[in-house]
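Now, the feature entries from TrEMBL:
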DOMAIN    7-215  domain 'Aspartate/glutamate/uridylate kinase'
BINDING   Lys11, Leu12, Ser13, Gly14, Gly54, Arg58, Thr161, Tyr167, Asp170  ATP binding site
REGION    19-24  region 'Involved in allosteric activation by GTP'
BINDING   Gly53, Asp73, Ser134, Gly135, Asn136, Pro137, Phe138, Phe139, Thr140, Thr141  UMP binding site
Amino acid sequence: MGTGYRRVLLKLSGEALMGSMGYGIDPEVVNSIASEVKEVVATGVQLAIVVGGGNIFRGMKAASAGMDRATADYIGMIATVMNAMTLQESLERIGVQTRLQTAIAMQEVAEPYIRRKAIRHLELGRVVIFGAGSGNPFFTTDTTAALRAAEIDAEVIFKATKVDGVYDCDPHTNSNAKRYKSLTYAHVLNNELRVMDSTAIALCKENNIPILVFDLNTRGNIHRAVMGESIGTIVGGSCEIS
Ligand code: UDP
């Protein structure tokens, strides 16, 4: 049991909002994430969230089908805003104060990304949601999470996923697969483990930001993670099997 974190960046993939549906947003899943976020913020931790868009549109996939990559990526970034607005609405409905900042200006629906303002919102206890990725094509929302975490001086990135950590091989196909308790950035990069894309990992390595990978589907996990409980896999330490 650790001492808990003060400022956290939570990365929610688009797929996390999709639940078991094949596409789009499952309102029940979003509401459940929102209620967990409410509990966590009530403890006083400052929380910023980067939202992905893979449940709606992925630039790379559209590009491989022939679309211009940069255009496809801009569409992907706009898709993340739909997710971000949905999450914002869900949080506000249960009384959580939020601000949505987008890296592509959409002043009718969101504030533009302004680093100092984002930090101020966090200090005032507001959940800051970052939409539209980094605003640049050829990047991902994982890389955005690493970038924003460094910018706002977050102590850790929470990468909430569908698995309960990082394994040495695929646990679905190999019953002897072992889960890591902790891992070095170098191990993740050298072995191409799918924690986050390599640009994101490199950015975290350079800025010494640990990444905690854990299962979002287990209720209460965001809270456990914030409290510093030993769940999932932490990238940024030494290599240890749990
Ligand atoms: N994207 C981008 N630049 C960014 C962030 C995202 O171009 O800084 C685009 C990219 O096309 C990506 C899409 O937005 O495929 C959706 O984001 P991502 O795939 O990272 O979402 P996730 O996998 O987390 O759902």
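Heads up, the Cβ atoms here are built off N, Cα and C, so glycines get one too.
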Who are the chain neighbours of the region 'Involved in allosteric activation by GTP' (19-24) in space, where the CB to CB distance is under 8 Å and they lie at least 6 residues beyond its ends?
55-56
Using a 10 Å cut-off, grab the number of neighbouring Cβ atoms around the Cβ of Thr161 (ATP binding site), all chains included.
22
Anything from the binding-site residues Ser13, Gly53, Gly54, Ser134, Thr140, Thr161 with its Cβ under 6 A from ligand 1? List those in sequence order.
Ser13, Gly53, Gly54, Ser134, Thr140
Any idea what the model's mean pLDDT is for the domain 'Aspartate/glutamate/uridylate kinase' (7-215)?
96
Please state how far apart, in Å and to a whole number, the two most distant Cα atoms are among Gly53, Asp73, Ser134, Gly135, Asn136, Pro137, Phe138, Phe139, Thr140, Thr141, the recorded UMP-binding residues.
14
With Phe138 (UMP binding site) as the reference Cα, tell me which of the binding-site residues Lys11, Ser13, Gly54, Asp170 is the closest one.
Gly54
Of the binding-site residues listed here (Ser134, Asn136, Thr140), which is spatially closest to Gly54 (ATP binding site) when Cα positions are compared?
Thr140
Determine, for the UMP site, the additional residues of the same chain whose CB lies within 8 Å of the mean position of the CB atoms of Gly53, Asp73, Ser134, Gly135, Asn136, Pro137, Phe138, Phe139, Thr140, Thr141; present them in sequence order.
Gly59, Gly76, Met77, Gly133, Thr143, Thr144
Those residues of the chain, 6+ apart, with a Cβ under 8 Å from that of Ser13 (ATP binding site):
Gly52, Gly54, Asn55, Thr141, Ala160, Thr161
Cα-Cα distance linking Ser134 (UMP binding site) and Lys11 (ATP binding site), given in Å to the nearest integer:
13
